[in-house]
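Comments concern the structure below.
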Amino acid sequence: MVLKQLLNGIDYTILKGNKETVINKIEFNSNSIEDNDVFVAIQGFKVDGHNWIENAILNGASTIIVEKQIEIKEDVTVIKVNHTRMTLAQLASNYYDNPTHKIHLVGLTGTNGKTSTTYFLKAIYDYINKPIGVIGTIGNIVGEESRESKNTTPESLQVNGVIQEMINQHINHCVMEVSSHALALHRVEGCDFNIGLFTNLSEDHLELHKNMEEYFNAKAKLFEMTTDYNIINCDDVYGQKLIKKIKNSSAKLITYGLEKDADIKATNIICGEGYTHYTVMTPKGKTNITIQLPGIINVYNSLAAIACAYCSGISLQYIKAGIQSLEKIKGRFEVIHKEDDYKVIIDFAHTEDGLKKALETIRPFVKGRLILVFGVYAPEGEEGNQKRRLMSKVAAENADIAIATSDNPKELDPMFIINQMAHYLQEFGAQYKSILDRKEAIEYAINMCTKEDVVLLTGKGHESYQIIGNKEIPFDEKEIVKEIIDKIKNKKKQY
Ligand SMILES: CC(=O)N[C@H]1[C@@H](OP(=O)(O)OP(=O)(O)OC[C@H]2O[C@@H](n3ccc(=O)[nH]c3=O)[C@H](O)[C@@H]2O)O[C@H](CO)[C@@H](O)[C@@H]1O[C@H](C)C(=O)N[C@@H](C)C(=O)N[C@H](CCC(=O)O)C(=O)O
Ligand SMILES: Nc1ncnc2c1ncn2[C@@H]1O[C@H](COP(=O)(O)OP(=O)(O)OP(=O)(O)O)[C@@H](O)[C@H]1O
């Protein structure tokens, strides 16, 4: 490809060289550069990509895209743009020949419920044998291949690359979880979304967005990129705000919910242990549905998927069969052990609202005590302190015993985190214990568990690692629970 093709539709100034340069591929990390690549220098949170230009040239870059006035002596082409992160998205779209224009793309945003909705929607497509690609927290799925992903929504280069792969494999539908980071950091800039869906908004990620207004505005950006439908949870306060904000959108509004007068609405809800039954009403008729996941939150998540499928022209009969076929979602209310008198559930709740909803969902089915093992994944500073306080409050108010431990402490001192959690658990009158090592905390919880109790482990969900410092340490909660229970059983056998 020639550089000028890549720059199509972008505002730029040539500081040096010429746009006839033949280029190989695009990279934003200097270490991945190969001969004749384009290096896009991004001002990051930790370092400035402009400081890695020399390294990129040494590795073979022939073109450098910058947003700063920088003098480069080497014989390369240098292009200046206003905003390199945004330009990266445009370059990626041009490089892969605008893949999002060629696929039916659903973008899901909101604080909680994106992954769950994604897998309900995928179950419908699987049922009707229509392939659908997935980009999200648990990973990216292209055809038969499922790959882990560092971010919920990857960088624009990967978003466009993965969608192009889907197209190559004749996959005509894609569902993508769109995080607020992705929207604020231009990872989906220029994407053509047929459907945008909003689940809910509660406090999270305030280290990036400063306040709820900014967080909401970041999420709302998705609905400026939709062409066909905007699907919104109208029971959510921010959902209502979004409906007003996008009233001039040319995409059609479809609402879902339980309380307000929604287009797609659930009534007659019966919550059982491990299942939920309800009647769904749509503009094209109603039907009874039984999902194999617990709680009101999964009524919302399945309704969201029903709304998407409805807007994609799938008949209610198939929607019902697909929704009902979903047996479980990795790390979401997953019962990982229920024999030998121990019931252990893992869940990915990692926000104040998610944790509250998770505890409320499980509570009606616990005959004895609800024993919670949880950590708080939050940055340092006021926002992090506030999240640790609010999640500890939820634990104190909704669990019988709360065991504070580590989640992904990352660069924070894990001792500081659990001491702070212990302080708040005490303030809110919890019966609690704090144990730094997560495995020991789980062992402590299982050891005190009786036949009537339930142990709920939150925060890790599908994750099979813990991030401590800058190291990813293997941590598979399912294996760990099995190991602990086997150890207890063996000990019992010896007596
Ligand atoms: C805060 C944040 O979003 N950070 C993202 C950001 O990293 P950064 O700005 O810190 O990058 P940096 O390390 O400062 O580097 C700046 C530039 O220098 C370049 N560089 C750096 C070193 C070098 O040797 N050579 C070089 O060229 C880097 O490639 C980069 O282009 O850009 C990176 C590349 O796209 C992302 O991987 C990274 O996500 C990190 C891993 C992350 O944890 N992000 C989280 C907060 C996130 O995005 N979460 C959302 C929401 C999840 C949810 O819903 O809960 C998500 O979508 O995952
Ligand atoms: N609709 C909902 N409302 C509130 N909490 C929910 C909802 N759905 C799920 N949760 C809770 O939030 C946790 C995460 O759910 P899910 O992975 O579906 O959300 P998400 O939006 O994809 O989050 P993330 O992007 O952080 O992975 C679940 O494990 C559950 O405890």
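Cβ atoms here come from the backbone N, Cα and C positions, even for glycine.
Residues or ranges marked as domain 'Mur ligase N-terminal catalytic' in TrEMBL: 23-96. Look at TrEMBL and you will find 109-309 tagged as domain 'Mur ligase central'. Marked as ATP binding site by TrEMBL: Gly110, Thr111, Asn112, Gly113, Lys114, Thr115, Ser116. The N6-carboxylysine feature in TrEMBL is assigned to Lys219. Positions annotated as domain 'Mur ligase C-terminal' by TrEMBL: 331-461.
A simple way to gauge crowding: the CB of Gly113 (ATP binding site) has 26 other CB atoms within 10 angstroms, across all the protein chains here.
The binding-site residues close to Lys219 (N6-carboxylysine), defined as a CA atom within 10 A of its CA, are Thr111 out of Thr111, Lys114, Ser116.
Every protein chain shown contributes to the tally, and the Cβ of Thr115 (ATP binding site) ends up with 23 other Cβ atoms within 10 Å. Within the same chain, residues at least six positions away from Thr111 (ATP binding site) with a Cβ under 8 Å of its Cβ are Thr199, Asn200, Leu201, Ser202, Glu203, Asp204, Thr351, Asp353, Gly354.
Listed in sequence order, the residues Leu108, Thr117, Glu177, Thr199, Asn200, Asn301 complete the 8 Å Cβ shell around the ATP site centroid, once Gly110, Thr111, Asn112, Gly113, Lys114, Thr115, Ser116 themselves are left out. When the domain 'Mur ligase N-terminal catalytic' (23-96) is classified with DSSP, helix, strand and coil residues number 25 helix, 15 strand, 34 coil.
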